[in-house]
Amino acid sequence: LSLTFLYDLSQYARVWIPDVEEVWKSAELTKDYRQGDGVLQLQLEDGKELEYKLDPKTNNLPHLRNPDILVGENDLTALSYLHEPAVLHNLKVRFIDSKLIYTYCGIVLVAINPYETLPIYGTDIIYAYSGQNMGDMDPHIFAVAEEAYKQMARDERNQSIIVSGESGAGKTVSAKYAMRYFATVSGSASEANVEEKVLASNPIMESIGNAKTTRNDNSSRFGKYIEIGFDKKYRIIGANMRTYLLEKSRVVFQADEERNYHIFYQLCASAHLPEFKALKLGKANDFHYTKQGRNPVIDGVDDAKEMSTTRNAFTLLGVNESYQLGLFQILASILHLGNVEVNDRDSDSSIIPPNNGHLSVFCELMGVTYQDMSHWLCHKKLKTATETYIKPIPKLQAINARDALAKHIYAKLFNWIVDHVNKALHSTVKQHSFIGVLDIYGFETFEINSFEQFCINYANEKLQQQFNMHVFKLEQEEYMKEQIPWTLIDFYDNQPCINLIEAKMGILDLLDEECKMPKGSDDSWAQKLYNTHLKTCALFEKPRMSNKAFIIQHFADKVEYQCDGFLEKNKDTVNEEQIHVLKASKFDLLVELFRDEEKATSPTGAAPATGGRTRLSVKPDKNKAGQASKEHKKTVGLQFRNSLQLLMETLNATTPHYVRCIKPNDHKYAFTFDPKRAVQQLRACGVLETIRISAAGFPSRWTYQEFFSRYRVLMKQKDVLTDRKMTCKNVLEKLVQDPDKYQFGKTKIFFRPGQVAYLEKLRADKLRAACIRIQKTIRCWLARKKYLRMKHAATTIQRYVRGYQARCLAKFLRRTRAAIIIQKYQRMYVQRTCYKRKQAAALAMQCILRAYMARQLYKLLREHKAIIIQKMVRGWLARQWFKRSLKAIVYLQCCIRRMRAKRELKKLKIEARSVEHFKKLNIGMENKIMQLQRRIDDQNKENRVLSERLNSLEVSHAAESERQRVELTRLRGAEEDAKNNANKVTSLLEELERLRKDLQNTQKEKKAIEDWARTYQDEMEQVLLVRYVVVCRCNVPALVRASQSTLQKVEEKMQRALKEETQQLENDLNEERSRYQNLLTEHLRLEEKYDDLKEEITLNVPKPGHRRTDSTHSSNESESYIPCVIMGCVLFYHQDVPKAILDMSLFLKLQKRVSELEQEKQSLQNELDRREEQFQRLNEDGELWLVYEGLKETNRLKSREIRACRNVLLESQLQAQRRSHENEVEVLRGELQSVKEENNRQQQLLAQNLQLPPEARIEASLQHEITRLTNENLDLMEQLEKQDKTVRKLKKQLKVFAKKINDLEGTFHRLCLETLFRTILNLNLQSLMEKDFQGMLEYKKEDELKLVKNLILELKPRGVAVNLIPGLPAYILFMCLRHADYINDDQKVRSLLTSVINILKRGDDFETVSFWLSNTCRFLHCLKQYSGDEQFMKHNTTKQNDHCLSNFDLAEYRQVLSDLAIQIYQQLIKCMENILQPMIVSGMLEHETIQGVSGVKPTGLRKRTSSIADEGTYTLDSIIRQLNSFHSIMCQHGTDPELIKQVVKQQFYIIGAVTLNNLLLRKDMCSWSKGMQIRYNVSQLEEWLRDKNLMTCGAKETLEPLIQAAQLLQVKKKTDEDAEAICSMCNSLSTAQIVKVLNLYTPVNAFEERVSVLFIRTIQTRLRDRKESPQLLMDTKLIYPVTFPFNPSSLALETIQIPSSLNVGFLTRV
């Protein structure tokens, strides 16, 4: 292509010139090129001048170099100049500078082997590429696999991934990663984990088919095509493997520094195992077949460990242990066969020495006879038409026959293993589609090329032809799609080369014909080739110096093949008698290998060969097994041609995807690029042919919008039209004069090579001119600003100088005036000082004189008057002192006496208050009462005597009176007798008067005694009442204080223990909550997998008229999980009952004792009342002492019983503490024992895991870790629940004790202890049921399903539910639950809760999930708010507290609901993520929020998503609108504010993580302008947070890694100071992420610079001490642990009205 058609070569233009060492060198023109010049003046990059002579014949100019802005592109077809040096340089820049090993070249993925393990194949990378368009992400093998997977699902067409390249280029690894991608993304449709089996086939095939070569430590010595089958849902159901070109000769021969197949060395490394003792193996150097390479060890590879991996893979694929040992037995016998020595008997015969040890072991292992095998190793059978001869063979032929037998056995074993692998991967489910992965040799050329290289290159010719046709087809389809004129593109067609090989009378045909000849030889076959093709075919040549070789011009290069060995390798024969011996073996597996020998479709061995490096084995199609006899006679070439034809038919029936693996150097150095080797492979693999086909047409393609956005700077305002297509047409007609250089399609503009570079030059020139103008203007502005600053500075200096001068003059004037003043005052001071001296002298003289006169006067006065005055004063002072002392002494005595009196008074008051004082008073009172009682008894006795005497006197007086009357009558008659008795009567009257007075006195004394007794009764009543109250107040507060102090100590101890343990549990809970929720997520995933298995079973046994859909997944998950949880909770509830029974027994004992005390108290109270009634009748009965004794006995019994009750309480508390302490000790001992057992079990598991291969070990460790975490989580949950129960129980007891003790103190005479303890235990349920509850809903048992259906299943959040009170379904369910609790219906409570929990686990859209998450949380809050726990009742009203649940503790169900809420929350996050995921990359990265900041670069064939906002694409506004929608929906549903904050935080984390991950995987997004776009987008998200008052929810912090990545794109990246700033700034990014961003940083404009490798190394050096995860991408599946803070409702249940739209009219308000 002449460059003069583009634009003239001018000075400073850069070109590529050929170079011997570097292939191509970059140079710069130092002089303009003129038409006709024969020499170009160039300057190399190292500064060397050079004259480059043009070819006078062609006069072709050197290739132009692409602008730096295009260097390092993801797609080579995006380069403006498409040629070999541009491709090579682009690959080198990406590989060396950016550490990128993948590059697109149109439809081809070029993969360069880094010879270093890179962290770009993790599961996070797989999920990052999953669902992405191929051009949207950086090139990767995962992108190719995703494209194949997506096209399979979209186009309903099978796909193929063709991986090719040299040995050591990384073909096997690339194929392995492709299969891993399919296994990870698609998953398995059966319970057999087919994806694991597909991956497990890799270590088996590597062990038996891979070997170390000089080019590769793990070189695949066979080709394979793996078909991965998928069902209709595109999940892996099975696989099938076809193998090609097994290098059998490696079994018996290896070159220097090479090894045999890995399996032999793995066997030798594991020879010490007990199961391998019978194989009698040793070291690899002990066997001939494993020591020829003289290097049996590969650095960094543990063969024993690899053996364990291989055995585990066999086990996973269903090969049992006996079969495995049989396989290893056959492999060991091959090694022993190689050590069998053959000696010469004579020149024509040979012999094996008798009792050959290795042959004996071989025969023993293979189960054959020693004589037969030793005989047929040295003889052969010849058959004629009539006779059969046994002929001995010479030593060389015997050795070759031995080796042929070994190769034949190994080939059989290889095929048997492949068959069994296919059987293990086979699925009974019908295959809907498949993706094939072809891993086959690339084009090979060595110093000596033989039959193997011929077959390999023949296969590559066929693959290259298919590749050329496919590329040509895609180009044609693209042009036709865009409706541009189609011109035939001339490309290299290798059909003549293929015809030369496979056509009639071709090389293979002549080879087969020569093999049929009785005396055919390699020489005669070579002569036939020369005669047939030398003059007729230009692609066939004969070497000048050889008659046993030929040259073929392949598509990649000329290859010279040596004819020696072609015939023998093509025949591929083996001694049939040896096979018969093996068939007669007693070894079942060996017999199985050769059972279908006659039906074999592949060659069975190799003939004795005299030279050559390799041997081949082909495994053709099994469909032609019926032609057994014919197939067995087919040659290797014919069979290979047939199998290759089948492969091509398969590839042509699929959509191919190409991966070309490049080996950068032959020394296996990490990230070292050898241009010579790279160019050689690029030519051979067809990459340059792809470039040439693209360059022949229109390789550069732009959409009209991208072209307009990029080259808007080249347009004037008047050129911009509303129609972008017309705008681009008008501009291009002005910019590019030649219309053939571009074509306008329907949606794109197509450019010829070089046109994009020309447009870039124009754009750069325009921007450069604009920059110069901007610089000019800015420099002018800066100069003017500098001038103005200087002018202002000069004016300022002048002002300050003049001011300084003025200040100096003023200072001089001030100093002059000051000097005059100073002189004046100095003179005044001198005069004044003189005057003062004179004045002082005069005053001193006067003072002395006057003092003398005063002393004389003083002496006179002292002698006469002063002494008298002193006497009087001293006397007065002495009297005053005495008075004061006396007064002080008296006052001190008063104070001391008052102090002692106060102390005595205080002591007396204390004694007066004390019980002992009352007892002392009572003791004195008792004595006094006893004395009074004795006096009363004496008086009573005297009264009785007096009464008796008075009665006797009255009787006698009456009798005497009667007698005297009789006597008076008698004496009246005799006056004289009366007069005589007059004196006697007088004396009697006096005596009578005296007796009457005595009687009156006695009556008065009795009345006084009665008054005193009444007064004493009142006093005693008061004394007894005071004493009774004092005793009660002394004993009851003591009891209360003792109980309170004991309970307080218990509570404090429990609180401290609970606080410490709770804090520890809270610390662990924050860590375990995330693990627990992850386990829930894993549980959901396993449930889904279980559902898939059930569906698979359903599919296998179909039922008519029924088909299961995906909508049943969530319900099945609920049914499978929630009942288990419910049963677990019920079991836990019943396990906790015995402990409650123990506590209840203590309370029942106390209740019984208190009842007895109350009965005794009541009897004593009755006795007291009776005694008081008797006391009222004291004046009649005189029983005051009985009353007193009764009261005293009552008080004694009362105090004794109260002390006994207090002792019982204290004793029960101490016993409870002792039991709890013993329980704690037992628990600690149990924990210690469990820890020991766990430690032993961990050690056993560790020992077992060390014996497992890495994959199985990882799987086992993961399984063990999941089990351990699950058990720990359950234990922690159980401990937490027990602690919560204990806290609640203790708090309830404390509240009850405190309340009832207060009641006991206030109402001691009104309440009894039985009523008190019955109140504590809530035994009087009937009284509670009789109360009038409000806010309950009653329903019938049969209406439960209808309730759940109408309220949950059929309730739609959109429409009906939007007009309801937030959380109304939760309130209704709780009100129904309250009624079931009210009527004490346990079955109804459990049934309702179970149904609700099972049904709530549903929904697949955000609105539905948000609605039920809000209601689930509200239901959970209601269960807490009305549970009766004090911590949840703080904010309740009195009415709400009355509505608390009374009969059931639903703490276990609260835990189940909490778990359910976590699952719903995770489902909400998943729904939100599914909605946001398609928006994030487009809105945050691709869309230009600030228009015109970033320009679009060329993208090549793999078009990325446009960054221009077309119709239907997402923008940042779309994300913000969606966030507003999420927020409004959650607020409308009444979601808790704290929960909304957690959801928003999770939303922002997903946005930040997805954006950053895509930024790290997209080179085109790492630019300065894109960093500005990202920061602007983040600021808009922060503004949204401020508008919603969510800045404190932690969402902004989740965006910190993205913000720092954007800042990293914008900061300077040159000096060490910049490196230090970057290290301190990017503290939220890992070292891998920082280095990745710097490596991917790509200038969008010519004015930006790339980041140097030295700067990146500086960053790595500074960050090497960081301790962080090596993971590159952020975990987009991470879900922050969710918490549900308690949020009580102020809504009164009795005020809730149920709308009729809910269709729950069967509910009755209670």
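Cβ atoms are placed via backbone N, Cα and C, with glycine included.
For the ranges 644-666, 690-712, 1403-1425, 1472-1494, the feature annotated in TrEMBL as region 'Actin-binding' maps to 644-666. In TrEMBL, the feature region 'Disordered' is placed on 601-632, out of the ranges 601-632, 1081-1112. Annotation for the binding-site residues GLY165, GLY168, GLY170: lowest Cβ count within 10 Å of the residue's own Cβ, GLY168. Other than the site residues GLY165, GLU166, SER167, GLY168, ALA169, GLY170, LYS171, THR172, same-chain residues with C-beta atoms no more than 8 angstroms from the centre of those residues' C-beta atoms, the ATP site, are ASN113, ASN216, SER219, SER220, GLY442, CYS661, LYS663. Fewest Cβ neighbours within 10 Å among the binding-site residues SER167, THR172: that distinction goes to SER167. Over all protein chains present, the Cβ of LYS171 (ATP binding site) has 27 other Cβ atoms lying within 10 Å.
Residues belonging to the domain 'Dilute' (1394-1665) score a mean pLDDT of 83 in the model. In terms of DSSP helix, strand and coil, the region 'Actin-binding' (644-666) has 9 helix, 8 strand, 6 coil. In sequence order, ALA111, ASN113, GLY442, CYS661, ILE662, LYS663, GLN681 are the residues near ALA169 (ATP binding site), counting only same-chain partners six or more apart with C-beta under 8 A. Taking a C-beta cut-off of under 8 angstroms and a sequence separation of 6 or more, GLU166 (ATP binding site) has the following same-chain neighbours: ARG215, GLY442, PHE443, GLU444, CYS661, LYS663, GLN681.
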